[in-house]
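Listed in TrEMBL for this protein:
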- 24-43: transmembrane segment (TRANSMEM)
- 63-84: transmembrane segment (TRANSMEM)
- 96-114: transmembrane segment (TRANSMEM)
- 134-152: transmembrane segment (TRANSMEM)
- 173-193: transmembrane segment (TRANSMEM)
- 221-239: transmembrane segment (TRANSMEM)
- 281-301: transmembrane segment (TRANSMEM)
- 329-350: transmembrane segment (TRANSMEM)
- 362-382: transmembrane segment (TRANSMEM)
- 402-426: transmembrane segment (TRANSMEM)
- 438-459: transmembrane segment (TRANSMEM)
- 471-492: transmembrane segment (TRANSMEM)
Amino acid sequence: MENGTKKLNVSSLAVEQPLPKSKLWKIIMVASIAAGVQFGWALQLSLLTPYVQLLGIPHKFASFIWLCGPISGMIVQPVVGYYSDNCTSRFGRRRPFIAAGAALVTIAVFLIGFAADLGHSSGDPLGKGSKPRAIAVFVVGFWVLDVANNMLQGPCRALLADLSGGKAGRMRTANAFFSFFMAVGNVLGYAAGSYSRLYKIFPFSKTPACDIYCANLKSCFFIAVFLLLSLTTLALTVVRENELPEKDDQEIDEKAAAGGKSKVPFFGEIFGALKDLPRPMWILLLVTCLNWIAWFPFFLYDTDWMAKEVYGGKVGDGRLYDLGVHAGALGLLLNSVVLGFMSLSVEFLGKKIGGVKRLWGILNFVLAVCMALTVLVTKMAEKSRQYDAHGTLMAPTSGVKIGALTLFAVLGIPLAVTFSVPFALASIFSSNAGSGQGLSLGVLNLAIVVPQMLVSIAGGPWDDLFGGGNLPGFIVGAVAAAASGILALTMLPSPPADAKLSTTMGGFH
């Protein structure tokens with residue numbers, strides 16, 4: 001420390017220097033990769049469940065494909081993060097993994113988009129019915145895509161932390177940009193998914209084996225790959241890791257020189273930490289688990305519900321199903337807009353209502369009501385079915401459409417809390433208990449991915465048990481949301497009054 005510089009004591013207010021303009025632009029470049037990643041996630045959420053059914057996968061088995069998300073989120077991110085921490089490549093620690101992830105996304109998108117064409121060229125029949133070869137290509141591509149997306153997210157967040165130099169102010173700035181670009185990617189992805197004529201930009205996308213819906217999906221993924229590769233190339237060109245703060249290199253040297261034992265593997269740390277979790281963290285894990293049991297049926301079947309129950313369409317039969325899927329994508333677009341605005345208001349509303357735990361509890365009841373109202377909207381749609389002079393079923397009435405889209409939009413309010421409050425509470429509880437931040441968030445991630453795996457395995461068969469629709473899963477979601485709200489209000493401890501809520505967005509894998 002230079003002469004004349006006074007060290008602040010722990011009770012003093014630390015004032016950080018403004019982030020240099022050049023470094024700010026580098027943070028923006030890295031954070032912008034989130035838009036490309038989230039564009040792909042949005043397409044997966046809005047279009048892929050209907051698409052797998054068009055390939056011939058029954059509704060009751062469609063959910064099994066989504067097991068890749070939570071599994072890769074639980075395994076790929078921490079493994080890639082662990083190895084990127086210790087990477088000694090001349091290209092840097094994070095950049096090789098980011099580049100590899102982007103390359104894998106390109107391969108995966110090619111497999112998914114051209115699954116029907118590759119399957120047909122290998123012997124699958126045209127028209128309706130199961131297409132086993134196309135399904136095989138699709139499943140491989142889908143799992144590679146989820147692995148690649150998770151491979152991208154971890155190193156991107158780690159690189160942002162590296163660029164922040166360990167300073168809280170810089171980290172908040174980096175996370176704010178990352179959250180912003182997540183919202184941008186969501187809006188772009190859902191907007192692309194809701195436009196039913198996008199395939200006309202790429203006329204070659206429509207083939208005898210790939211109908212209009214398939215061609216639209218293929219076109220969306222073309223745009224997603226272009227956006228992701230452009231942003232990734234720009235970021236990796238602008239940001240070079242040899243420009244990072246010197247202490248990062250010192251930390252690597254210290255780890256390499258530390259005693260002869262290698263670091264305990266990530267999963268060993270997580271499961272070891274479960275034994276010593278304080279009671280507030282256990283309650284938080286339970287509330288979070290129930291919360292995600294409520295959310296994942298909606299994430300899995302939202303556009304399928306709009307296409308089948310609201311529009312009355314059938315998979316692969318007529319245009320109503322396609323119109324319903326695109327209407328569902330529009331609903332998800334509205335959901336993302338509300339999510340973006342609500343994310344900026346979470347801390348303010350928490351103070352007004354009397355604490356973030358109370359806000360989370362109340363909005364879990366809002367989630368429960370919205371999930372239950374899907375039954376009402378479905379019944380309204382069924383009672384108001386209209387047919388033209390030829391006996392062809394027409395699109396639902398304006399009132400039904402508005403009701404369904406309103407549900408999508410309102411759900412953006414509790415979703416903003418789900419993406420912020422649990423992560424903030426985990427950080428606060430772990431700080432109070434003297435636990436590591438990364439390890440506590442890793443444990444919290446288990447309360448997110450385990451419910452996703454549970455719903456992925458049981459969701460399809462559960463719906464099929466009651467006739468194959470989407471409402472049984474939504475009702476389970478409503479019950480889980482209400483239980484989560486009750487536990488949040490009655491058992492979840494309130495964080496200290498002076499704990500500032502982080503608005504860093506989380507997300508499901």
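Note that Cβ sites are derived from N, Cα and C of the backbone, with glycine treated the same way.
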Beyond the flanks of the transmembrane segment (362-382) by 6 or more, those residues with Cβ under 8 Å of it: 291, 294-295, 297-298, 305, 309-312, 353, 396, 399-400, 403-404, 407, 410-411, 413-414, 417, 470-471, 474-475, 477-479, 481-482, 484-485, 488-489
Winner by Cβ pairs under 8 Å against the transmembrane segment (281-301), considering only 24-43, 96-114, 329-350, 402-426: 402-426
Tertiary contacts of the transmembrane segment (134-152), as residues 6+ beyond its ends and Cβ separation under 8 Å: 33, 37, 40-41, 44, 48, 51-52, 55-57, 65, 68-69, 72-73, 76-77, 80, 97-98, 100-102, 104-105, 107-112, 114-116, 118-120, 124, 209, 232, 509
Long-range neighbours of the transmembrane segment (96-114), counting only residues six or more past its ends (CB under 8 A): 33, 40, 48, 80, 83-84, 87, 89, 137-138, 140-142, 144-145, 147-149, 151-152, 154-156, 159, 205, 210, 217-218, 221-222, 224-225, 228-229, 232, 235-236
For the transmembrane segment (24-43), sequence-distant contacts whose Cβ falls under 8 Å of one of its Cβ atoms, 6 or more beyond its ends: 98, 105, 109, 145, 149, 152-153, 156, 159-160, 163-164, 170, 173-174, 177-178, 180-186, 188-190, 192-193, 217, 220-221, 223-224, 227-232, 234-235, 238-239, 243, 332, 336, 507
Contacting positions for the transmembrane segment (329-350) when only residues 6+ beyond its ends and CB under 8 Å are counted: 42, 45-47, 179, 183, 186-187, 190-191, 193-194, 302-303, 306, 356, 358-359, 404-405, 407-413, 415-417, 419-421, 500-501, 503, 505
